[in-house]
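Asks: Below is a structure I'd like to ask you about.
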């Protein structure tokens, strides 16, 4: 995602939660390099807390090491650290494993009283049964973010946890399988506070855009409908992650549209039936089903952003070409292409590592556009190049304009697609320059067939 992408929320949800959990007597300064914030290594801090995803882990360690050189107390936590505690421990005075809601105030009290432990594990504290409401006033005061109009998103969440166990997803192993839902009254208050501190109208009909960061809002249809009814009262637009199968229900689609949903991000994974079966989705999904749902939602006023995965052990270059044509034919809203990546904490990572299939553990390459697993059928750089070239192909000016024409919510479609195009073009140019690649190298490439 481009650092300046409109689709990027205003702040990292983990930072928002920790800020909201922090007792008022503590002063907080939020610094986020995603927004080019400058780090003050000489700041008078009693503690420096750093959170990161896998792709940012190396940079997180660099920052931690620099602060520790200057005698600062460093605490590391977040997704990557929780599943690589031994690795992280070499760069921190303390590591936090799992959700921090139930341990953060204890940790801060220990810092204040010079008794900080080397490790705090969420499992050693009472279960996190309720969701922490976001304190947008405090987040605004602590951060360097300014107010935005309706073309940039403000993060919020309604639920946490997911009972499913998809092999490539880290959620059930981090936030857990217990599905927790916010108190509707608290949610409504947060939305009003977020509007007050982070939104500026741009025109008479301008509404704030909220990015719902829930892992899977649609697990419980009753709770989903209740949440949508509440969001309808708030006079906002929003986007959300949902299973494509929930969108077969016309009532759910109507409630989404009426509540102000501008698009749903759905993991479609593939249009190839054998690939869907490999992901345990072949019994419920198909390319034909996707096309129908996308068209029905479009007619109802809802965009579907499709997320697709490519696996060199399963997908051929011809499969990738067919997917590109499918995306074009169906005018899929802001499609996302990713190479299958076994992130630490997932079942897939454990299985691939045990089988010796992971070839790269340079975390900076875990951006879903590098091939980090063994590939017997394709030369890794060629496979990466094919995916990246195909990604760029669905973001030509022609395709962007056609999608804008065919899909609802035209402004967000156009503005965000242009940001995607800019970012992808820069990535492709850098890839070709760094690896001395050109399109002719992809011509006539066939997979190596074993056996």
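Every residue gets a Cβ built from N, Cα and C, even glycine.
For reference, Swiss-Prot lists these features for the protein:
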DOMAIN    1-118  domain 'B12-binding'
DOMAIN    148-377  domain 'Radical SAM core'
BINDING   162, 166, 169  [4Fe-4S] cluster binding site
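Help me understand the surroundings of these features in the structure.
Replies: When secondary structure is read from DSSP and collapsed to three states, residue 166 ([4Fe-4S] cluster binding site) falls in the coil class.
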Asks: Given a separation of at least six residues and a C-beta threshold under 8 Å, show me what packs close to residue 162 ([4Fe-4S] cluster binding site) in the same chain.
Replies: 169, 171, 172, 175, 177, 179, 215, 216, 219
Asks: For residue 166 ([4Fe-4S] cluster binding site), what residues in its own chain, 6 or more apart in sequence, show a Cβ-Cβ distance under 8 Å?
Replies: 279
Asks: What does the DSSP secondary structure composition of the domain 'B12-binding' (1-118) look like, as residue counts for helix, strand and coil?
Replies: 47 helix, 12 strand, 59 coil
Asks: For residue 169 ([4Fe-4S] cluster binding site), what is the tally of other C-beta atoms lying within 10 angstroms of its C-beta?
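Replies: Result for residue 169 ([4Fe-4S] cluster binding site): 19 other Cβ atoms within 10 Å.
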